[in-house]
Amino acid sequence: MSAKYIFVTGGVVSSLGKGLAAASIGCLLEARGLRVNLMKFDPYLNVDPGTMSPFQHGEVFVTDDGAETDLDLGHYERFTHARLTRDNNLTTGRIYEQIITKERRGDYLGKTVQVIPHVTNEIKNAMRKVAADGDVTIVEIGGTVGDIESLPFLEAIRQMRQELGRENTVFVHVTLVPWISAAQELKTKPTQHSVKEMLSIGIQPDILLCRTDRYLPHDIKSKIALFCNLEEKAVITAKDVDSIYEVPLVFAQEGVDKLALRYLHLDTREPDLSRWSALVERCYHPTGEVSIGIVGKYVEYEDSYKSLKEALVHGALAEGLKLRVTWIEAEGLEAPNYEQQLSGFDGILVPGGFGKRGVEGMLNAIRYARENKVPYFGICLGMQTACIEFARNVCGLQGANSSEFDPATPHRIIYKLRELTGVEEMGGTMRLGAWACVLQNGSLAADAYGKTEISERHRHRYEFNREYEAVLTGAGLRISGTTPDSTYVEIVEIPDHPYFLGCQFHPEFKSKPLEPHPLFHAFVKAAYQNHKPHTEATQPAAESAPIGK
């Protein structure tokens, strides 16, 4: 069978949900028994997002092979069975880097290197490489049609249609149909202009996903179809929903998968969406509520913690609970009234981050959770700060710190990875990707996983200093997870506590709605057991509120 491609583009404005659309289409095709690949092209000049500010880019999603990628790859993995690699996310910067390397090596034999054909060929070759193992490859093009940065990618997919034919390629365009309250009507002009822009570069969309807050009536669909040169069935209502996990069901109801398969000349079984439907049912009919306070450095932009939030949702759904998240600015907890800000939460979580800003506030939050027996979950920096707090306030090691925050600290509880000593480059130099971990029998971690050998994804430059292991474990801290060779400490716990666990890795990157991560499930369960009284909850299944912005 020839390789089949679905290209997902966006128009009018950014942040319309191209990534969720691609993931949802992948979910539906998998439910029909097809093997699905997904990839994203990002038009920025950074080689990868690893050194980009979370406030600009959002979360950096890490794959098993250690690639630092766009957060949309997290959606791809959560909605499908795909396990992605660095080949599934390419940027303009990385493509240009590859081309310049080839040019310096003499691969182009003296030719003038140009956007067409050299850049577009590199893009097409990347798509073919990913498509080699699968039935359908879904390719998301980052940015918005009309952006100068996206033009080489759009030209590449235009050429793919020419080379492979209509029966092997489908163009899905995500656009906006806004409701204008003053006029009390839906406006189609933004969509018409977006499609006109696509046509100007030689691409006729086959399917339009129209983002809107209500179902599109027949007359609106008919109007869009007429002016955008496609059949009315191909004008899809991409309606706003309270839970992102409802999107595949909305698309199935609108017939997106059937339409794409008809265009691709593919026959499949009927989709089995029973588990997905049951998941959405739990989203909207929780039996209780759990409140989690997340103490972070980048809480002003929730996309900085996209996978983290979703992993908590997965844990809550596994228990049939509504999740209420409160985002707490870590610096705000450096004030004397920090205990007042932290009271009332069923659980406290400190996620990853870099730099010393807000660390003292995190330490206050950890102390509060430890002393008041509030379930605590620390991830990456959250584990490191838990060790520092324990060293200071339980072991009495005054001035204990990380060399990242205080190079002159008398007690380096956390220090730079030994193999990174003398390394000055920032990009791609951390301990990245999947690493094995061995758990102690009888520990919280082993009980949660149900086994003692695991593999988790990492992204860090600093590690626990094992010179302090005897002091901390002698005072009651338990090291329950290490690398197989015992080089790195991966998990710490406090046994004399309802739930207190810190891990050096990022478990959120492997959590899925139908397969919640064991540590998030265990944490949410412990937090709910700490919740008094157990009140009935109402939809939606997850809410967010900020503190200290």
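Note that Cβ sites are derived from N, Cα and C of the backbone, with glycine treated the same way.
Binding of UTP is annotated in Swiss-Prot for SER14, LYS187, THR188, LYS189, PRO190, THR191, GLN192; the matching candidate from LYS4, LYS40, LYS221, LYS223 at the same site is LYS223. Annotated ATP binding in Swiss-Prot involves SER15, LEU16, GLY17, LYS18, GLY19, LEU20, LYS239, ASP240, VAL241 plus, out of the candidates ASP70, ASP72, ASP87, ASP303, the residue ASP72. Site annotation (Swiss-Prot): L-glutamine is bound by LEU381, GLY382, MET383, GLN384, GLU404, ARG461, and the candidate from GLY353, GLY358, GLY361, GLY481 recorded at this site is GLY353. A 10 Å cutoff on Cβ-Cβ distances gives ARG461 (L-glutamine binding site) a total of 15 other Cβ atoms nearby, all chains included. With all protein chains in the displayed structure included, the most crowded Cβ environment within 10 Å among the binding-site residues SER14, THR188, GLN384 is that of GLN384. Between the binding-site residues LYS187, LYS189, LYS223, LYS223 has the most other Cβ atoms inside 10 Å of its own Cβ, all protein chains included. Binding residues for L-glutamine (GLY353, LEU381, GLY382, MET383, GLN384, GLU404, ARG461) extend across at most 14 Å, taking the greatest CA-CA distance. In this structure the C-alpha atoms belonging to GLN384 (L-glutamine binding site) and ASP72 (ATP binding site) are separated by 28 Å. Cβ environment of GLU508 (active site): SER307, LEU308, GLU310, ALA311, ILE379, HIS517, PHE520 lie under 8 Å away, each six or more residues apart in the same chain.
Non-local neighbourhood of GLY17 (ATP binding site): VAL174, ARG211, ALA238, VAL247, each in the same chain, at least six residues away, with C-beta under 8 Å from its C-beta.
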